[in-house]
Structure formats: structure tokens, C-alpha cells
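Down below is the structure, laid out as C-alpha cells.
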Amino acid sequence: MNKSILPAAKLQGHISVPADKSIAQRAALFSLLAEGRSEIKNFPPAQDPQTALQCIRLLGAEVIQEGSDVVITGPGRWNMKVPGQEIDCGNSGTVMRLLSGILAGAGIPATLTGDESLSSRPMMRIIEPLMQMGAEITSSEGGYPPLRIERNRELASVDFTLPVPSAQLKSCVLLAGLFGSNPTTVTETLPSRNHTETMLQLPVKQQGNKKIITVSRDHAVRPMKLHIPGDFSSAAFWLVAGSVLNDSEIRLSGTGINPTRSGALKVLERMGADISVTGERTSAGEPVADIVVRSARLKATSIQAEEVPDVIDELPVLSVAMACADGVSHIRGAGELRVKESDRLAAMEKMLHQSGVQIRTYEDGLTISGKPDARLLPGRYLSFHDHRIAMAAAILALKADGVSEIADAEAAAVSYTEFWDHLDILSYR
């Protein structure tokens with residue numbers, strides 16, 4: 001599906017962004033491990049969370065979904081069944097990597113597949129620690145999906161230090177460790193999103209700049225009741241759009257503001273964005289708030305390697321903010337973007353170049369010369385079948401001086417099925 005985007009004079013309105021897909025996918029997988037009935041409210045219709053539900057059904061979970069309410073009756077980690085077919089993880093790297101840890105730990109033989117995009121994403125990062133623990137895993141040449149996990153004896157414990165800040169890698173090793181007789185520890189020196197340890201209530205010890213998480217089969221995984229907060233990564237598109245279009249004001253209700261996820265707030269605030277956070281509260285252990293963004297003149301900034309883990313999913317739309325800011329902005333230490341759903345650095349370069357923005361690309365980042373006072377060039381933007389690129393291009397197109405087109409715009413549904421509807425609701429032309 002191609003989508004035509006008209007320039008917008010301003011954005012105004014009040015919306016609720018979809019539920020957090022990182023939390024939703026984990027809620028589905030952890031409910032599989034808990035014996036009994038879990039109740040999840042505000043479960044999103046996006047493709048990745050729905051894929052997680054399909055996968056746990058194959059492993060013995062009973063799933064009843066009525067609208068955004070989901071009830072999962074989990075078999076428990078010791079009673080999962082061997083799937084009768086390949087487990088299709090769709091576009092979800094989270095599902096594939098976390099399920100690999102679960103299946104390897106449980107000793108359940110299975111083959112994990114994915115779509116074309118997921119099949120091009122490297123998995124050696126999780127294969128190596130799982131094999132170090134004693135798992136038997138085969139993959140396509142170079143460590144790419146599909147992954148075949150063989151039946152094996154109980155995995156050994158491991159003391160694992162994350163080589164990069166990766167919540168998916170951390171979660172994979174911790175989930176495998178849930179099945180071991182002896183404690184497995186995971187140490188991270190740079191923070192990554194903490195949903196897994198929070199939701200599973202794992203013991204966490206802070207030693208200086210190190211965070212050490214310990215897990216074993218003795219740790220109970222209990223059925224959960226939770227209401228999933230709004231997805232900050234989805235909210236980020238409107239925070240940027242509301243900032244760069246004059247006379248805009250957007251209100252976002254019930255948005256998650258977990259500090260390991262909301263780094264883009266800090267970036268936009270130091271760029272001069274007019275953002276207020278009110279009504280702070282807690283839902284299922286996660287901080288939630290209402291956010292209002294109003295138009296502001298942004299100034300350039302730099303994002304360095306230590307900040308990247310907290311903004312990794314928001315970098316495509318933050319590059320749009322930089323394109324509309326006064327001055328020259330820099331992104332460094334973001335090489336991880338090259339192995340996301342697309343090569344996002346290359347996609348961002350192409351998108352911004354088409355719009356007339358001066359940009360320079362490096363192996364791990366970008367330099368962007370902003371055009372705060374100019375309407376940008378309209379273009380036909382490729383999404384590369386990447387949801388975050390499709391939506392970032394749409395926000396960029398609102399600043400153009402003519403009609404733009406987004407190719408494969410349906411990619412947005414991976415995380416935000418209502419995106420195009422919300423864009424229409426908020427846009428004044």
C-alpha cells in the first residue's frame with residue numbers, strides 16, 4: 001500500500017497511543033511460563049504482539065482475546081508442549097530471541113522462522129551464550145534464521161556480561177536461566193530497557209555502574225494481571241511532529257515513561273522542545289503519564305554512544321527533528337541501527353536526502369544540517385518494509401511543500417495499526 005501525505009499547517013488534538021509492544025510481547029511469553037490464568041488489558045492489535053500470542057498457542061497456552069482484553073491460561077514452564085509445526089515469529093526479533101531462550105532452557109525441540117526482514121537479522125549474539133550454556137542450536141550460514149533448537153539436557157548456569165546494551169540478549173539469557181538448577185547471572189554495564197526483570201520481579205543488584213541480575217529455576221513465575229501502558233516509541237512520532245509544525249498542540253494520554261525507554265524526552269527537551277509531563281502514576285510496575293507537546297523552535301544536538309540504548313527505536317524520528325532544527329546535529333555509536341528491520345542508518349540517509357536536507361553518513365551514525373525555516377522537498381519515500389521508517393517519513397512529509405508518498409506504508413501496522421488514522425485526526429491543512 002502506498003500512502004499520499006499532504007503537508008500540514010499544524011497538528012492539534014488528543015489521542016492515546018497504542019499499548020507498548022515490548023511489554024505486550026513479554027506479557028504473552030511470561031504468561032506461557034506461569035501456570036494458570038493471566039489477565040492482560042489494553043493488549044495491542046499490532047502485528048508483533050499478535051504474533052507472540054500465536055506462538056504461545058503452539059506451546060500449549062490457551063488464549064482468549066476479546067477486543068483489547070486477553071486472558072492467557074499458561075501451562076507453566078515445566079508443562080509446555082512440543083509444537084507440531086514451525087514457530088513463525090513474523091517480523092518480531094523480540095519473539096524470536098526471547099523464545100529461543102525459553103525453548104533452549106526447557107529443552108523443547110523447535111524451529112523458529114520469520115519473515116524476509118527477520119530472516120536477515122543476525123542471531124549469533126544469542127546463539128553463542130545459549131551454546132555456552134549447553135544448548136544445541138543450528139542456524140543458516142552466518143547465524144541467521146531459521147533457528148533449530150534441539151532437545152538437550154539441563155543447561156548449565158553462566159555468568160554472562162552483556163557485550164552490548166541489548167534488552168533482547170539480556171532477556172534471552174535470563175529466560176534460559178529460569179530453567180537451571182544453579183544461578184545464572186547477567187551483568188550489564190550500560191543500561192538497556194528493563195521490562196523483563198521488572199515484570200518477572202527478578203533480583204537485581206547495583207554495583208557501581210554495573211547491574212547484576214540473578215535467576216534460577218527456584219524463581220517463581222506467577223500469573224499476572226496488568227494494564228499495558230501506551231508505547232513511548234509510538235508517542236515519539238507525535239512529540240517530534242508537534243514540535244516542528246507551528247501552532248501545534250498534541251495531548252497523549254496514558255503513555256509509558258520508563259526511564260530506560262523515554263530517553264527521547266531528554267533529547268527533545270535539550271533541543272528546546274516544549275513538552276510537559278503530568279499525572280505521573282504507576283501501572284503494572286511501569287511509570288505512566290500524560291504528555292503534552294507544543295510547537296517550538298528546535299536547536300541542534302548530539303547523541304553519543306552511551307545515550308543510544310535509551311533512544312534506539314526513536315532515532316529515525318529524532319533524525320527528522322534534527323532535520324528541522326537550527327544547526328548541525330550528530331548521531332554516533334548507533335551502528336546497531338544497521339541490523340534492525342532495515343539498515344535504518346541507510347534508510348534515514350535516503351529519506352532526509354530526498355527531502356533536501358544536507359546529511360553525511362558514517363558506519364555508526366549521521367551528521368544532519370537542519371533547515372528550520374524552510375519547507376522541505378516532497379518525495380516518494382521507501383519504507384524498506386520497516387514500520388519506524390514508514391512513520392518517520394510520514395512526519396517528515398508533513399513539512400514538505402507538496403504531496404509526498406510513502407511506499408509500503410502498511411509496515412506501520414507492525415507496531416502502530418492506528419497510525420494513519422491518528423495522523424488524519426491530528427492534521428490541519
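Backbone N, Cα and C define each Cβ position, glycine as well.
Note that the structure is a prediction, hence the values are computed from the model and not measured.
Residues or ranges marked as domain 'Enolpyruvate transferase' in TrEMBL: 8-423. Annotation source TrEMBL lists phosphoenolpyruvate binding site at Lys21, Gly93, Arg121, Gln168, Arg344, Arg388. For Lys21, Ser22, Arg26, Ser166, Gln168, Asp313, Lys340, the entry in TrEMBL reads 3-phosphoshikimate binding site. As annotated by TrEMBL, active site, proton acceptor applies to Asp313.
Feature map: TrEMBL annotations on the structure.
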residue : record                           : Cβ neighbours (10 Å)
Lys21   : phosphoenolpyruvate binding site : 27
Ser22   : 3-phosphoshikimate binding site  : 25
Arg26   : 3-phosphoshikimate binding site  : 26
Gly93   : phosphoenolpyruvate binding site : 22
Arg121  : phosphoenolpyruvate binding site : 19
Ser166  : 3-phosphoshikimate binding site  : 20
Gln168  : phosphoenolpyruvate binding site : 20
Asp313  : 3-phosphoshikimate binding site  : 25
Lys340  : 3-phosphoshikimate binding site  : 21
Arg344  : phosphoenolpyruvate binding site : 25
Take the domain 'Enolpyruvate transferase' (8-423) and average the pLDDT across it for me.
97
Using C-alpha atoms only, work out the spacing between Ser22 (3-phosphoshikimate binding site) and Gln168 (phosphoenolpyruvate binding site) and round it to an integer in Å.
10
How far apart, in Å, are the two Cα atoms that lie farthest from each other among Lys21, Gly93, Arg121, Gln168, Arg344, Arg388, the residues recorded as binding phosphoenolpyruvate?
19
Distance check against Gly93 (phosphoenolpyruvate binding site) for the binding-site residues Arg26, Ser166, Asp313, Lys340, keeping those with Cα within 10 Å:
Lys340
Arg388 (phosphoenolpyruvate binding site), number of other Cβ atoms within 10 Å
29
Can you give me the Cα-Cα distance between Arg121 (phosphoenolpyruvate binding site) and Ser166 (3-phosphoshikimate binding site) in Å, rounded to a whole number?
14
Of the binding-site residues Lys21, Gln168, Arg344, Arg388, which one has its Cα closest to the Cα of Asp313 (3-phosphoshikimate binding site)?
Arg388
Using DSSP and three states only, what is Lys340 (3-phosphoshikimate binding site)?
coil
